[in-house]
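Over in TrEMBL, the protein carries these features:
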REPEAT    69-101  repeat 'ANK'
REPEAT    102-134  repeat 'ANK'
REPEAT    135-167  repeat 'ANK'
REPEAT    168-200  repeat 'ANK'
REPEAT    201-233  repeat 'ANK'
REPEAT    267-299  repeat 'ANK'
REPEAT    300-332  repeat 'ANK'
REPEAT    333-365  repeat 'ANK'
REPEAT    399-431  repeat 'ANK'
REPEAT    498-530  repeat 'ANK'
REPEAT    689-721  repeat 'ANK'
REPEAT    755-787  repeat 'ANK'
REGION    920-984  region 'Disordered'
COMPBIAS  929-941  compositional bias 'Basic and acidic residues'
COMPBIAS  942-951  compositional bias 'Polar residues'
COMPBIAS  952-973  compositional bias 'Basic and acidic residues'
COMPBIAS  975-984  compositional bias 'Low complexity'
REGION    1043-1084  region 'Disordered'
COMPBIAS  1046-1070  compositional bias 'Basic and acidic residues'
COMPBIAS  1073-1084  compositional bias 'Acidic residues'
């Protein structure tokens, strides 16, 4: 089968018709394909074997089958230009517009390859000249790209759109211009192509032609109206682009046709900037000859001369200065072309510029001169030119640096040599005191340092913090520099301001060779800095074994303590440097030496979990049970930090396990706890206040520890000295997991502390809903009280934990009615603290709004006294009784007034007005409906306004409530208010208290105005009580309002939110004894 297929394919390739016919006659498939999916017909079409194509057609070969790339036989024949094959296929129905996977049709490929005859056949048989591929290319694009004039002409004759743009906005004219096909461009223009059509980036065909140097295209386009000054999206014109690429001919052609030589792009660059940047001297010359501004600055102040100087284009620079370019013109930071040329080491440019008047000592904004910049970058030739032309070698920049400083820092020996030969000051210090030799030493430039000392540099001169060149060289480990300095007299024991010597700094960074060199030159190895640290301290801390070994070999004191009492052994132990520890103990380090707090190296190593250090110390006799000043042993500290390996090592070496078990529990280190109990730690051992490990683990919510302890017999109900059990602590801190483990192992959910509080109280007080639910499910008493009758609900409400309150009420709604011994309810607790969400929840559960405390306070009175306006409004909205009085005879309104709670006064007053008007309107309606109960002119009485059938007791109760509000309207001013007074006199007997309040407010205002005129507008009392009334069928309607505007600050409150009134002020006050879990309401 495989051989047959191969024979078929070969016969089609080679045009062997007879073999193919024989194979097909013997039932070989005419649809056989090669590895690329090409059929026999495709193969024959690609080779132009028309007779084979015809034979295959007689065998019913599929004309429009596709290969793996989506191409058909017609596409392949068109691609290869086999007109005969193409003609046969289209005549027999091949699809002329079928596209491959890229969207190309036979016409696209025919045009691309310039097969005019094929193209003509295809369009005659209906090929779509407008068909676009996946990138928007039409056949005209493809033909234009390759300069096939005949194809282009044929397509436009058949209606091809000459201005059709592909996905980037390119038309056939753009494409023809790109590749310089003059004849195609000419043909397209003749057929209406838009010479100024822009692509998506604003490029016209002229931009593209200019970019690629096609003079013929450019000339043709401008002759046909192309805009020579058209700018693309960045502001570049065709002249910018031609200048960029150095196309002299195009540039000349463009300027001859009116191109603006000074047109700027979006950052201010002209064509001259761009030509100068790229060193196109011919372009530059053409531009300046046609009036280009040689001193034109772009956005940051760069001229063409800056740009030419930057890139070292000597010919361009020469042309520019010859045509008047200013060699001293500075950009926005003060840099001149000479700065730029010097920075980049262009000696030829520098020479040209100074010859044309460039100022060699001109400084930019930081004080840098061209010489400084040239020295910075090590350009010896530039430096030589500048000093020859009079550059000041000692000129300083703003921080005091000279060219010698920067040259020394960067290690430019040639520059340094030139500068010192021309008088540079080798001991000049910059603003922080550093000299050139200090900077050279810092970076290890031996050649620079040697040169400077040869020219008199002071090797012991220190900068502002006392550091000499030897300090900085030692710190950075530059052995060659250090050796050179000490050979020239550097003081090896000189200390900087903190007391550190060069050997200290070398030891700090582990530079063994530096340390050895300094020791050889007589350095004091025991010299300490101001904190008492010696080179051995710092070397040990940082684990530099080689340094430590050198020091101990040369007599350093191994047990010397710093100011905190730490020895080198402490420091090595802290950071786990086993090699250092080993060296120190071998040379006599005291393993039990304690610091000022009593900590030994073993404490320190245990704290940081360094098992190797701990092992080495105990092997060398360290006391495993030695306690520091707080009584902590190494085992205690290791347990505290959860270092299992350390703990195990210590207990194996005799550490007392019963001194530490609670620390593992506190920090949740399960593995440590497990290890300690395995070694006999007492799980019920109590410390001074009676706390056991289980208390501590429960407090911190370490479920794993709690579980482990109870499994090993920890007493879940053991109480500390105040009665707190582990369950109390877990509940209070919201650790649900710990709580569940404890109750599962028999913890008493109702066990009370000495003050009577249960775990449920603690969980409720702190808002831990999960804990509360878990306790209730395990039988916790919701009704349990403590400290004067406080319930869990009261604590939740007081602290605003609305979800806890809901959880408690869900299980027992009756607790809403519980009160403390002073009569405070959960609602009152919420009002004291201003917990609005809780108040609303309690109201929904039908909390008693008008219930009285032992001092006859209601929730409304408490909220008014505390200044909680939102709660007052909520209570009023739910018809809280405003007429009730406390034992002092004050209503909520009076209490608010006494506390200067102006907004609450207004809220209650508005409520009273609305309620009274509503009552009067209702009475009027009753009178109209029952004329026998009221005669015209009679005053309404309590009896006449009572509903029929009301009992005497109810009647008396209502009268009592009304009596509390009785009073007459005061004399009103003339006019509408007076009318209101006469109309309502005797009918609105509940306004007496309000009028007393108004009088009080007026007095306050008068006092304020008299004593503090500047605050005259802080309090304004506006009274507007102008009723409107209608007499219709003996009915009237009266309405009014009282508005009290507080323009100043609220009365001063204390931190708890209570009024700061005293007995003398007469304000009501709240005593909230929440710390004692009690609350009472009293009056001063």
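All positions are counted from 1 along the displayed chain.
Every residue gets a Cβ built from N, Cα and C, even glycine.
Annotations in TrEMBL come from automatic prediction, not curation.
Long-range contacts of the repeat 'ANK' (755-787) within its own chain (CB-CB distance under 8 A, at least 6 residues past either end) are made by residues 722-723, 725, 727-728, 730-736, 739-740, 743, 749, 793, 795-796, 798-801, 803-804, 807-808, 811-812, 814-815, 818, 1076-1078. Counting residues of the repeat 'ANK' (69-101) by DSSP class, helix then strand then coil, yields 17 helix, 0 strand, 16 coil. With DSSP states grouped into helix (H, G, I), strand (E, B) and coil, the repeat 'ANK' (300-332) comes out at 16 helix, 0 strand, 17 coil. Per DSSP, the secondary structure of the repeat 'ANK' (399-431) breaks down as 16 helix, 0 strand, 17 coil. Along the repeat 'ANK' (69-101), the predicted structure has mean pLDDT 96.
Long-range Cβ contacts of the repeat 'ANK' (333-365) within its own chain (Cβ-Cβ under 8 Å, at least 6 residues beyond either end) map to 300-301, 303, 305-306, 308-314, 317-318, 321, 325, 327, 371, 373-374, 376-377, 379, 381-382, 385-386, 389-392, 395, 397. DSSP labels the residues of the repeat 'ANK' (135-167) in these numbers: 16 helix, 0 strand, 17 coil. Long-range contacts of the repeat 'ANK' (168-200) within the same chain: residues 138, 140-141, 143-149, 152-153, 156, 162, 206, 208-209, 212-214, 216-217, 220-221, 224-227, 230, 232, each at least 6 residues beyond the stretch ends and with a Cβ under 8 Å from a Cβ of the stretch. Only residues 6 or more beyond the boundaries of the repeat 'ANK' (267-299), in the same chain, are considered here, and those with a CB under 8 A from a CB of the stretch are 235, 237, 239-240, 242-248, 251-252, 255, 261, 305, 307-308, 310-311, 313, 315-316, 319-320, 323-326, 329, 331.
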